[in-house]
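These notes are about the structure you will find just below.
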Amino acid sequence: MASRLCLLLLVACIAGAFAGDVIELNRSQREFDYFALSLQWPGTYCRGTRHCCSKNACCRGSDAPTQFTIHGLWPDYNDGSWPSCCYRSDFKEKEISTLMDGLEKYWPSLSCGSPSSCNGGKGSFWGHEWEKHGTCSSPVFHDEYNYFLTTLNLYLKHNVTDVLYQAGYVASNSEKYPLGGIVTAIQNAFHITPEVVCKRDAIDEIRICFYKDFKPRDCVGSQDLTSRKSCPKYVSLPEYTPLDGEAMVLKMPTEREAL
């Protein structure tokens with residue numbers, strides 16, 4: 001009886017110590033203020049592709065992404081900073097196995113590299129996003145499945161590709177579009193101001209932001225669009241030319257096709 005009591009006390013002490021470590025990690029980074037859904041334009045990102053591999057969606061030929069794809073759903077602070085790697089939670093792909101078709105289509109890796117994990121190793125693109133950002137999304141999310149499922153649903157509900165297409169902004173290696181017009185199209189569709197990130201004059205990412213209850217809100221980085229720190233006054237949505245040289249036009253899908 002005494003030995004059993006000692007064992008129970010030992011287990012309790014170990015559990016308490018582990019819980020204390022987790023609490024301390026969470027306390028070191030305060031709770032986030034809002035979410036940023038970051039979307040990548042493959043025509044810009046894939047232009048830097050020099051090597052192909054099976055996991056790189058830029059190398060899928062006619063099956064390569066033809067619309068904005070998900071980079072991540074990021075907990076952010078109102079001061080422009082963000083938490084990261086809030087607690088240790090090793091990524092387990094089997095937890096999201098039922099979401100794999102949607103993830104491969106809408107949240108693919110656009111690189112052959114293996115991103116670093118919060119634990120010092122290398123892993124998958126999805127694993128990186130969960131460990132760096134998903135672990136900081138508490139108290140909204142506590143598990144991988146709901147984090148990835150909600151991100152997919154937000155992406156499908158806020159179809160930026162279709163919004164731009166309807167406004168006349170289509171993929172082109174020759175056309176330049178007014179940054180203000182692109183921002184206005186998104187404002188009219190979702191009643192918020194996005195953040196736009198460019199590589200030189202090409203749109204690289206567009207970010208749509210949400211309160212913790214997933215109601216849309218302005219992004220912090222959108223508050224000074226007139227400075228155009230990242231993007232010039234006129235921007236492009238480049239087409240992607242695969243490595244084999246065969247031009248592949250990134251066609252804008254309709255809302256029905258995106259679903």
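The backbone N, Cα and C atoms fix where each Cβ goes, glycine too.
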With C46 as one half of a disulfide in Swiss-Prot, pick the other half from C13, C58, C59.
C58
Disulfide-linked residue for C209, taking Swiss-Prot as the record, within C198, C219
C219
Where Swiss-Prot shows Q40, F125, H128, E129, K132, H133 binding RNA, which of H71, H158 is named for the same site?
H71
Per Swiss-Prot, which of C85, C86, C112 is disulfide-bonded to C136?
C86
Hey, what's the Cβ neighbour count for H128 (RNA binding site) at 10 Å?
20
Run through Q40, H71, F125, H128, E129 for me and report the binding-site residues whose CA is within 10 Å of the CA of C86 (disulfide bond), in sequence order.
none
How big is the Cα-to-Cα gap, in Å, between H71 (RNA binding site) and C209 (disulfide bond)?
13
